[in-house]
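What follows is one structure encoded as structure tokens, with my remarks underneath.
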Amino acid sequence: MSKHSLLTLVAGLSILILLPFTQSNYGVFVLCSWLVYSISAMGLNLTLGYAGQVSLAQASFMGIGAYMTALMTMAGVPWPAAMIAAMVSCFVIGFLLGYPALRVQHHFLAFITLAFNALVVLVLRNEEWLTGGTYGIVGVPRPEVFGLPTQTPLAFYFFVLALFVLMAAGLYAIIRSPWGRAFKALRENPIRANSLGVDIRQTTLLAFAIGSSYGGLAGSLLAQLTQFIDPHSFGLTISLKVLLMVIVGGAGFFFGPILGALLIVLAPEFLRFTEGYYLMIYATLVIVLMVFCPTGLLGLVERARTAMKLRQNPNATTWEAGR
Amino acid sequence: MTPVLSVRNVSKSFGGLRAVDDVSFDVHQGEILGLIGPNGSGKSTLFNCVLGQLPASTGTVLVDGKEVAGKRPCDLNKLGVGRTFQMLQVFPEMTVLDNIILAGQEHKGTMLSRLFGKPDAGLTEEALRMIDFFRLGHQTHEKAGSLSYGQQKLLDAAMAFMAGPKLVMLDEPAGGVNLTMLADLKERLKTFNQERGATFVVIEHNMEFVMSLCTRIIVLANGRIIAEGDPETVRNDPTVIEAYLGG
């Protein structure tokens, strides 16, 4: 990692540590929501942005993670075991959901994952004996970390921040590893990748499984954050919202989903003063962004930076300009 | 000595059309075999049957004496079979270096060691040597998609050689490449063959390229082998001339 990147990372982490102290309880709740959705969007970014597999089911994995954590912790299972079980279950279910991706792609795959999301919501709504049906589950406990309770918003924020950093570091390591290169190869040219020894079947399934486990953890944290869950919180609208986070921030960019989640979570807060016009303004902004910058905000930043460097040094290669 | 590639009585039919008809041949270590024939003669179908892209209707294909029927392309690659494609097949958004490292990484360690090991799978030095060998050194960190067509063809070939395969199948490597690049490519392939004993099977329409590169040539017409021998013999074979010019 370069000195510049290290300094940026330290500055970013310092802001994340200090920021909640300047916020009200509601502000800290919004920051927590942002980190939770960022974890979910990071997972989808691996599946979609890096591996090129369309998924409209991320919210269903958040739902599975949330309900598993809620039910297990309320039954007395320690929270680490519940959260690990949620992630592992989502990994396995995501792995299985990846199988259709071996046969179909693009919008067909989108419809399959969409149907899966609808199926999960139906189960959560109809199996009242387990999930509480439309009334959901109230009173999901927050964890105690090394004997310290996380009941206060600030304490829970730091718990979420620690897991966010851990998951981001994990994703960074995956993307930089040969696995990350294989995921990108799958996105760009699966036929060629296959001929070079990349096991396309395994890589596709892993992309779904890892991305889904991130969704599972995000759901687990969401249940503890809101301490109330219902099927509506994990419907298709939420899957589309997570997808929007990835696309708006920049699919295939490491920080893309984090930036996208920040915008999507914070935009309603900033546009609150517009009252009834909020959704219209929000929709217009998304349309404008997608028309002028389909690669998302970080794609726009990269394009601007490369253009500026090329203007300064017309003989530079695109790599030199892009550094 | 066991042939590197052995094609035994391979046929492939599409409905009533017999695209490849009872073809048999061997390729030995260090050979450069050219597979030529007019359009529709069955070259690409045969190529795809050998590489597992299409299942053969009958017959067997052996690599190093082992049957490879039903093997996926990634498994064939791990058995030591590299290939290039007729149409350009690189990873345009990845750098030249990453393209080359990708071509070798699946042969290094286990799946788990690739996750927890070095990001480059310890291949950077070897990849840089390969890039230099194919004279792409000045573009190591460029995105592959920004390279010219000819340079992408060189990159495609470099990727096929990165894992040190026993056999490389080249599908029209000269297609669309300008004369300077073509001479470069031919020189690189010959050097590989002489220095490392690499074995090639080449499908090509560019006769000058095939005749000057290959040590043995097989001519296909209507799915059958109509001639076989060294370039000079094949060039003067009346059946070959008739197949190309029509009778």
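FYI, residue positions are counted from 1 along the chain as it appears here.
In case you wondered, yes, glycine gets a Cβ from its N, Cα and C as well.
For the transmembrane segment (A:34-52), same-chain residues at least 6 beyond its ends with a Cβ under 8 Å from one of its own Cβ atoms are 58, 61-62, 157, 160-161, 163-164, 167-168, 171, 174-175, 180, 183-184, 186-188, 203-204, 207-208, 210-215, 217-219, 221-222, 225, 241-243, 245-246, 249-253, 256-258, 260-262, 264-266. The transmembrane segment annotation in TrEMBL covers A:34-52 (among others).
Here TrEMBL flags A:59-77 (among others) as transmembrane segment. Same-chain residues lying 6 or more positions outside the transmembrane segment (A:59-77) and placing a CB less than 8 Å from one of its CB atoms are 40, 43, 83, 85-87, 89-90, 93-94, 116-117, 119-121, 124, 130-131, 137, 139-141, 143, 212-213, 215-220, 222-224, 229, 231, 233-239, 241-242.
For the transmembrane segment (A:83-101), the list of distant contacts is 53, 55, 57, 61, 64-66, 68-69, 72, 77, 109, 112-113, 116, 204-213, 215-217, 219-220: same-chain residues at least six beyond its ends, Cβ to Cβ under 8 Å. Residues or ranges marked as transmembrane segment by TrEMBL: A:83-101 (among others).
If you look up TrEMBL, you'll see A:108-125 (among others) marked as transmembrane segment.
Annotation source TrEMBL lists transmembrane segment at A:154-175 (among others). Non-local neighbours of the transmembrane segment (A:154-175) in the same chain are 13, 16-17, 20-21, 28, 31-32, 35-36, 38-39, 42, 46, 50, 142-143, 145, 148, 183, 210, 214, 217, 221, 224-225, 254, 258; each lies 6+ residues outside the stretch with a CB under 8 Å from one of its CB atoms.
Beyond the transmembrane segment (A:242-267), the same-chain residues lying 6 or more positions past its ends with a Cβ under 8 Å from any Cβ of the stretch are 30, 33-34, 37-38, 40-42, 44-45, 48-50, 56, 58-59, 62, 168, 171-172, 175, 184, 187, 215, 282, 285-286, 289-290, 295-299, 302. According to TrEMBL, the transmembrane segment annotation covers A:242-267 (among others).
According to TrEMBL, the transmembrane segment annotation covers A:279-301 (among others).
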Residues of the parent chain within Cβ reach of the transmembrane segment (A:108-125), under 8 Å, 6 or more residues beyond its termini: 53-57, 59-60, 63-64, 67, 97, 100-101, 131, 133-134, 230-231, 234-236, 239
